[in-house]
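A.B. asks: So Swiss-Prot says this about it:
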TRANSMEM  60-80  transmembrane segment
REGION    92-119  region 'Disordered'
COMPBIAS  94-103  compositional bias 'Low complexity'
COMPBIAS  104-113  compositional bias 'Polar residues'
REGION    157-182  region 'Disordered'
COMPBIAS  160-172  compositional bias 'Polar residues'
MOD_RES   Ser217  phosphoserine
BINDING   Asp261, Asp319, Asp321, Asp327  Ca(2+) 2 binding site
BINDING   Asp261, Asp267, Asp319, Phe320, Asp321  Ca(2+) 1 binding site
BINDING   Asp321, Ser324, Asp327  Ca(2+) 3 binding site
DOMAIN    362-495  domain 'C2 2'
BINDING   Asp393, Asp399, Asp453, Asp455  Ca(2+) 4 binding site
REGION    483-511  region 'Necessary for cell membrane association (isoform 2)'
Amino acid sequence: MSGVWGAGGPRCQAALAVLASLCRARPPPLGLDVETCRSFELQSPEQSPSAADSGTSVSLLAVVVIVCGVALVAVFLFLFWKLCWMPWRKKEASSPSSANPASETLQSPSSRGNMADKLKDPSALGFLEAAVKISHTSPDIPAEVQMSVKEHIMRHTKLQRQTTEPASSTRHTSFKRHLPRQMHVSSVDYGNELPPAAAEQPTSIGRIKPELYKQKSVDGDDAKSEAAKSCGKINFSLRYDYESETLIVRILKAFDLPAKDFCGSSDPYVKIYLLPDRKCKLQTRVHRKTLNPTFDENFHFPVPYEELADRKLHLSVFDFDRFSRHDMIGEVILDNLFEASDLSRETSIWKDIQYATSESVDLGEIMFSLCYLPTAGRLTLTVIKCRNLKAMDITGYSDPYVKVSLLCDGRRLKKKKTTIKKNTLNPIYNEAIIFDIPPENMDQVSLLISVMDYDRVGHNEIIGVCRVGINAEGLGRDHWNEMLAYPRKPIAHWHSLVEVKKSFKEGTPRL
């Protein structure tokens with residue numbers, strides 16, 4: 001029978017397959033022999049074409065499923081190794097350092113007793129104290145010292161906080177935060193065995209002692225004051241000759257001048273000016289190698305008596321140097337020639353020589369009045385006149401005008417100007433400048449008065465400035481306080497012009 005099934009070509013095989021499918025149908029078709037169908041059902045699976053095809057497909061499917069399962073298992077194992085195994089190994093590697101405190105707490109009583117004996121030993125305490133005083137450059141703490149400190153803290157229940165420097169910085173905070181084994185040094189108590197002085201002594205490594213800086217600043221101030229006082233004194237006399245209308249200045253002597261030479265002495269002489277005229281300059285003789293020269297020389301300045309109130313006496317003391325520039329020792333400026341007497345008779349005057357590195361330049365003076373109305377909140381500054389201004393043009397004159405700036409906390413809020421006076425060093429203005437300032441803001445503002453020289457080409461130049469206000473200095477503050485003390489009343493004063501300071505410097509655009 002097997003030979004019958006296996007014989008034939010492809011057409012026979014196809015016919016047999018159709019016949020086999022018809023025999024498997026339930027119920028079988030009419031006209032189909034039952035015996036023939038049984039013979040088809042009893043054939044071996046190897047000889048059935050459909051059975052062979054189905055077996056092959058099942059085997060391929062099984063192979064694919066097995067391969068996919070193996071791949072999934074491999075992926076699962078890889079993820080488990082990455083996510084669980086590696087972090088666990090790292091944690092296990094770092095566990096000995098973290099397990100030290102637990103192992104230290106399980107020590108035997110004998111080891112604790114030995115450690116307590118070490119703490120009672122003065123030498124051991126000295127070593128322990130030195131180790132606890134942590135340096136900013138050496139943050140590592142020995143393991144033995146840390147263990148002994150922890151055991152000592154466990155034994156003593158009473159804790160005494162150690163005094164530390166009150167001022168803290170970010171450096172100290174970051175230093176404590178990055179310690180590998182944190183230990184609160186400020187809470188360590190060494191017990192009653194240590195003397196009180198040692199227990200209360202703060203850490204000395206890396207400390208900043210403010211008292212040293214304070215002492216240094218005080219010493220610096222003392223040095224400056226000593227330098228200002230070490231310029232010595234000068235003695236001179238004044239007398240006015242009414243017949244010849246001449247002011248007679250007699251330079252008598254100087255005392256305790258500073259040494260300017262390497263040998264410890266000086267070669268002093270004195271220059272005399274009657275300001276604002278600097279063209280007329282008189283000078284004493286040079287006295288060699290002395291710090292206490294005696295001059296005893298007379299100098300005559302022809303000046304009318306009515307002009308004496310507007311003149312200033314300027315004395316400059318120099319050290320003569322043959323091969324280089326002469327060094328200035330100091331200066332004396334007498335603003336009021338009638339300070340000592342009416343000049344009808346000779347009067348001797350002693351003055352301290354003020355330290356200076358260069359001769360002061362006389363920039364002139366300005367006269368203005370201040371008047372404040374509290375009810376209206378109105379401040380009126382009246383520019384009256386100027387005198388003896390510095391010549392800024394090549395012609396020997398200036399074209400001055402006055403600019404007044406209202407300042408608040410260093411910022412300029414408003415500015416106003418007067419008219420320009422051409423070719424004069426003694427202009428007269430009589431012009432009022434008004435600012436609206438509430439009474440509650442009067443202690444926050446100040447006025448900066450600038451005398452300017454107008455230039456048709458280029459920038460306008462500053463001749464000099466002065467300032468009045470609650471934060472001003474000298475006459476500027478006194479004038480402001482007098483205005484506030486006498487409201488509704490104009491208060492007029494002369495103010496000397498000074499050079500522009502960096503804090504007052506501002507742009508000067510053309511008009």
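Note that Cβ sites are derived from N, Cα and C of the backbone, with glycine treated the same way.
Here the structure is a predicted model, which means the values were calculated and not measured.
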A.B. asks: Just to confirm: which same-chain residues, 6+ apart in sequence, have a Cβ under 8 Å from the Cβ of Asp393 (Ca(2+) 4 binding site)?
C.D. replies: Asp399, Asp453
A.B. asks: Suppose we draw a 10 Å sphere around the Cβ of Asp455 (Ca(2+) 4 binding site). How many other Cβ atoms does it contain, all chains included?
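C.D. replies: Around Asp455 (Ca(2+) 4 binding site), other Cβ atoms within 10 Å: 16.
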A.B. asks: Express the predicted model's confidence over the domain 'C2 2' (362-495) as a mean pLDDT, rounded to an integer.
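C.D. replies: Across the domain 'C2 2' (362-495), the average pLDDT comes out at 93.
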A.B. asks: How many whole Å apart are the CA atoms of Asp327 (Ca(2+) 2 binding site) and Asp455 (Ca(2+) 4 binding site)?
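C.D. replies: Asp455 (Ca(2+) 4 binding site) has its Cα 36 Å from the Cα of Asp327 (Ca(2+) 2 binding site).
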A.B. asks: Indicate whether Asp319 (Ca(2+) 2 binding site) is helix, strand or coil by DSSP.
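C.D. replies: In three-state terms, Asp319 (Ca(2+) 2 binding site) counts as strand.
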A.B. asks: Quiz question: given the binding-site residues Asp327, Asp399, which has the greatest number of C-beta atoms lying within 10 angstroms of its own C-beta?
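C.D. replies: The most densely surrounded of these binding-site residues is Asp399.
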A.B. asks: Please report the distance from the Cα of Asp321 (Ca(2+) 2 binding site) to the Cα of Asp267 (Ca(2+) 1 binding site), rounded to the nearest angstrom.
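C.D. replies: Between the Cα atoms of Asp321 (Ca(2+) 2 binding site) and Asp267 (Ca(2+) 1 binding site), the distance comes to 8 Å.
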A.B. asks: Please list residues from the chain of Phe320 (Ca(2+) 1 binding site) whose Cβ is under 8 angstroms from its Cβ, counting only those at least six apart in sequence.
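C.D. replies: Listed in sequence order: Asp267, Pro268, Tyr269, Val286, His326.
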A.B. asks: Determine, from DSSP, whether Asp453 (Ca(2+) 4 binding site) sits in helix, strand or coil.
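C.D. replies: DSSP assigns Asp453 (Ca(2+) 4 binding site) to strand.
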A.B. asks: Which chain-mates of Asp261 (Ca(2+) 2 binding site) that are at least 6 residues away have a CB under 8 A from its CB, listed by sequence?
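C.D. replies: Correct list: Asp267, Lys289, Asp319.
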A.B. asks: Kindly report the helix/strand/coil residue split of the domain 'C2 2' (362-495) according to DSSP, in that order.
C.D. replies: 14 helix, 67 strand, 53 coil
